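*Asks:* Below, the features straight out of TrEMBL:
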type	residues	note
DOMAIN	7-143	domain 'Amino acid transporter transmembrane'
DOMAIN	144-340	domain 'Amino acid transporter transmembrane'
TRANSMEM	12-33	transmembrane segment
TRANSMEM	39-60	transmembrane segment
TRANSMEM	91-110	transmembrane segment
TRANSMEM	130-147	transmembrane segment
TRANSMEM	168-190	transmembrane segment
TRANSMEM	210-231	transmembrane segment
TRANSMEM	323-345	transmembrane segment
Amino acid sequence: MHAGTGQASIERTVGNIFISTVGAGVLGLPYTFRRSDRAVTTVSVVCAACLTYHCMLLLIKCNDSIAKGGGMQVHTYGDLGQMAYGAPGRVAVDILICISQIGCCVSYLIFIGQKISSVTMGVTDRSSDIIFIILVFQIILSFYCFEEFSMTLTLEASMKHPKKFPRILALDFFGIASLYLLFGFVGYLAFGNKTQNIITLNLLQDLSTILVKLGLCIGLFFTYPFMMYPVHEIFEGKLMRSAWFQTIAPPSSHLHTLLRNGVRGASVIGTAVLAVSAPGFAIFISLVGGTVCALLAFVLPSLFHMQLCAGSSSMQSRIADMVLTLCGITFAAYSIYTTVVSIFMTPS
């Protein structure tokens with residue numbers, strides 16, 4: 001185990017894992033209890049947590065293997081991709097992280113828009129009437145609930161004693177999965193077959209409910225810049241390192257600052273356009289969770305582990321990596337199909 005570069009305590013790490021994992025996807029869990037068998041829902045969430053934990057440990061093993069071999073110091077998921085497959089590996093990771101983060105931001109905007117509509121105009125979302133392929137949607141949402149996979153190496157590096165990270169991660173995931181199941185089950189018990197795809201849409205229109213909805217909107221509004229930061233960091237870094245950009249806008253010029261702010265503004269407008277165009281919160285989560293998040297969480301860690309730890313891995317470990325890779329790719333392709341089907345089955 002490599003030495004830690006940060007000073008984060010165990011308590012702070014527990015909080016960081018919780019904050020980086022729990023997101024808007026949890027608000028859709030009561031809806032999955034309504035649309036599928038409770039046992040299937042429970043198994044899906046538990047399996048998603050266990051598989052995510054396993055693949056996060058694969059990234060840590062890759063990082064340890066690089067450190068033992070005297071390779072470059074790895075700080076991010078993109079660094080690991082570069083060590084495994086060179087420049088194409090970094091590009092693939094960066095693209096998927098950008099799509100994942102943008103997807104989270106779009107889901108936040110969809111959520112905020114629906115909350116404001118329900119508060120100001122009493123509009124309710126009808127996308128819960130969509131006929132989903134229930135099992136697939138449930139598994140997809142379970143993946144989305146553990147979407148902050150790209151923070152693994154950063155969280156480990158931030159610890160004062162990174163050797164304790166796997167155990168802390170396991171305990172944190174156990175608590176988060178238990179919280180998810182409790183929230184989903186209690187939410188379903190409260191509203192039964194009237195449970196909507198975002199549980200807060202079921203709340204009555206009184207003052208306390210309006211304040212809760214506005215509070216959630218404000219919280220997500222201020223979370224939005226943090227979720228977009230990796231996108232800006234990746235895109236702006238590549239843009240500003242390009243020769244043509246440095247030629248037309250030197251780093252010390254006002255044009256440089258203007259164009260950089262323009263790129264950030266365009267990215268925000270782009271997420272707003274996507275939020276308006278998306279057919280609904282549940283469908284959008286199924287698309288992001290079933291494709292990009294599944295690739296980041298299962299396919300890439302397995303590929304990286306096969307490449308970077310080939311000399312120290314057992315035959316069983318290599319077989320498990322290949323199975324995870326094939327299953328992740330197959331599931332991503334199938335989730336695209338089911339999402340498209342759901343869109344065309346949306347009532348007009």
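Backbone N, Cα and C define each Cβ position, glycine as well.
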*Asks:* Contact between the transmembrane segment (323-345) and the transmembrane segment (91-110) is defined here as three or more C-beta pairs under 8 Å separated by at least 6 residues; is that satisfied?
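*Replies:* Between the transmembrane segment (323-345) and the transmembrane segment (91-110), which are separate recorded stretches, there is no contact, as judged by 3 or more close Cβ pairs.
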*Asks:* Below 8 Å between Cβ atoms, which of the listed ranges 12-33, 168-190, 323-345 makes the most pairs with the transmembrane segment (39-60)?
*Replies:* 168-190
